[in-house]
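Pulled from TrEMBL:
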{"type": "BINDING", "residues": "S130, E174, H202", "note": "Mg(2+) binding site"}
{"type": "BINDING", "residues": "R337, D351", "note": "ATP binding site"}
Amino acid sequence: MSQAASHLRAALSLAAVSARGATSRGAARRRLSAWPVPQEPSMEYQDAVRMLNTLQTNAGYLEQVKRQRGDPQTQLEAMEQYLARSGLQVEDLDGLNIIHVTGTKGKGSTCAFTECILRSYGLKTGFFSSPHLVQVRERIRINGQPISPELFTKHFWRLYHRLEETKVDLAVVEVGIGGAYDCTNIIRKPVVCGVSSLGIDHTSLLGDTLEKIAWQKGGIFKQGVPAFTVLQPEGPLAVLRDRAQQISCPLYLCPPLEALEEGGPPLTLGLEGEHQRSNAALALQLARCWLQQQDHQGAGELKASRPSLLWQLPLAPTFQPTSHMQLGLRNTEWPGRTQVLRRGPLTWYLDGAHTSNSVQACVRWFRQALQGSQRLSAGPEVRVLLFNSTGDRDSAALLKLLQPCQFDYAVFCPNLTEVASTGSADQQNFTVTLDHVLLRCLEHQQHWNRLDEEQASPDLWSSPSLEPGGPASLLLAPRPPHSCASSLVFSCISHALQWISQGRDPVFQPPRPPRGLFAHPVAASGASVLQEAVAIHVLVTGSLHLVGGVLKLLEPSLSQ
């Protein structure tokens, strides 16, 4: 292995930002000169992505590194070495007006809100986020748009050759999840920092309690740099407070969005879901603080209020959002998060929720959306869950949270767009094996079936029902409405979508499925149910990578 792909991606984002005069995490340029970069001859975007994929840590090596993990601080020190080898110094980053955001859920949405607000003021913005949904270049956005394939290709090959010329025997696995030892924490002088909602996730890397995770996430705080957090449980909030006080970082607690709406019109958000309101409240504070730090006019008029403390943290000031701020919130787009696609009789609900808190928020959003949907005609409606979960997440706990949605069918598949990896290189992942991901899907199915059996037979001492549609025949017949959901496992996203849509999605029209693909009794009987339904509501959740694969097939324009 020549070098870690994650560091190449990070260095690539910084070079792309400097060359275009923008900054990462939604900000404007302060001072950083660009240099001319020659175009690599005879190389296309997909060639660059395929080469990038060869640098991915393979599954076996990743497990070995996890077992032998030493001082995580060395990862951050290694990032400085990679940065220097790419032609940049840490001091170069000090000239960027950076907003640095961390958290377990909502940090991407918060950044999307913030970036759109700043752009509504006419500012030029750069935005780095991870992971991507469809194409890797989505991770680096200039003025709200992913950088072009040509720009990505140009900077990739410049960095690739420079790193090859200076390579040493050093292999690093970068966690890429934000916090004390994440590669993005090489940023020393952000303008402002933010912490979105914290929850249990990535426990093998961050810790198995909210307090340990809060300590990691608070690692982005810098001396004298203002920081804002949404309301957290008391334990992790105290950890954030103590972490900030230790380094003299002024930390503020964001008031709810209702406090900013008081006395003015209700704020309209471009992202659906009640949970997005806390992300929007944090974004408003980050944007206003950034504007103030840059002595920008029009940062919002403060409302008359007395300073107050909550859990020994000062509340951030309330203010009247400006027309630019309102416009930015309204125009925010962030694909794959509480996104709805309506296609004929099918409605696709896409949300990359993958933690307990985010799945709970997803369930509330989905159920509210169903209540607000209009029945176009009398007839049966079908609810389908398409789910996958990866890493060390507790899929049984996540699936239990999804039970109140009363799905008619639960479908599981890996985060593979097609069975054969002949498609876009953007969707390739060498950090897991095919056998592993398929076994994982079968585990999801077993968890779901067990939950359905418990729901159908709450008396554990009674015999299971042998009636059609009962738990004993769970995989043999479609269930009556709101009884036991039938479940299926498919080997890729494309096959799962073909069965769910039954050719009724006017955009997703793939070739005929392979012979025998839908021969399973549940697949065969369910096909008739789906073909006759007047409305099919499909919730896709559990993994952002799954949502990205679905979007690639449902929205072909995203791959262009």
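A Cβ is built for glycine as well, from the same backbone N, Cα and C atoms used for every other residue.
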Original post:
Within 10 Å of the Cβ of R337 (ATP binding site), how many other Cβ atoms are there?
Top reply: 27
**OP:** Would you count the other C-beta atoms found within 10 angstroms of the C-beta of S130 (Mg(2+) binding site) for me?
**Re:** 20
Original post:
In sequence order, which same-chain residues at least six apart have a C-beta under 8 angstroms from D351 (ATP binding site)?
Top reply: G273, G336, R337, T338, Q339, S358, C362, W365, F366, L539, V540, T541, V547
